[in-house]
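Peer 1: Once you've had a glance at the structure underneath, I'll fire off some questions.
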Amino acid sequence: MRIHYLLFTLLFLFLVPVPGHGGIINTLQKYYCRVRGGRCAVLSCLPKEEQIGKCSTRGRKCCRRKK
């Protein structure tokens, strides 16, 4: 039973995001952007694209072609 407590603690520590980094959150946002048919743009979307969300907590935009 003691090993369960240790494993749970280690899992919890790996899943808690570090302030300012947000590794797991950024990964989920990128995945969600691709599921919606978008791409992650560094600065801004291209002229024929629209912003449909964010890819990271640092300001990358999720863009897809206008319909």
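First residue shown is number 1, and so on along the chain.
Backbone N, Cα and C atoms are what each Cβ position is placed from, and that goes for glycine too.
What you see is a predicted model, and the numbers here were worked out from it, not measured in a lab.
Annotation comment: Swiss-Prot describes 1-22 as signal peptide. Residues or ranges marked as disulfide bond in Swiss-Prot: CYS33-CYS62, CYS40-CYS55, CYS45-CYS63.
Relative to the rest of the structure, where do these features sit?
Peer 2: Classification of CYS33 (disulfide bond) by DSSP places it within a helix.
Its Cβ placed at the centre, CYS55 (disulfide bond) has 23 other Cβ atoms within 10 Å.
According to DSSP, CYS45 (disulfide bond) is assigned to coil rather than to any helix or strand. Cβ-based neighbour count (10 Å, all protein chains) for CYS45 (disulfide bond) stands at 18.
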Peer 1: Determine the Cβ neighbour count for CYS40 (disulfide bond): the number of other Cβ atoms within 10 Å of its Cβ.
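Peer 2: Within a 10 Å radius of the Cβ of CYS40 (disulfide bond) lie 17 other Cβ atoms.
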Peer 1: Determine the Cβ neighbour count for CYS63 (disulfide bond): the number of other Cβ atoms within 10 Å of its Cβ.
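Peer 2: For CYS63 (disulfide bond), the count of other Cβ atoms within 10 Å is 21.
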Peer 1: Looking only at C-alpha atoms, tell me how far CYS40 (disulfide bond) is from CYS33 (disulfide bond), rounded to the nearest Å.
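Peer 2: About 7 Å separates the two Cα atoms.
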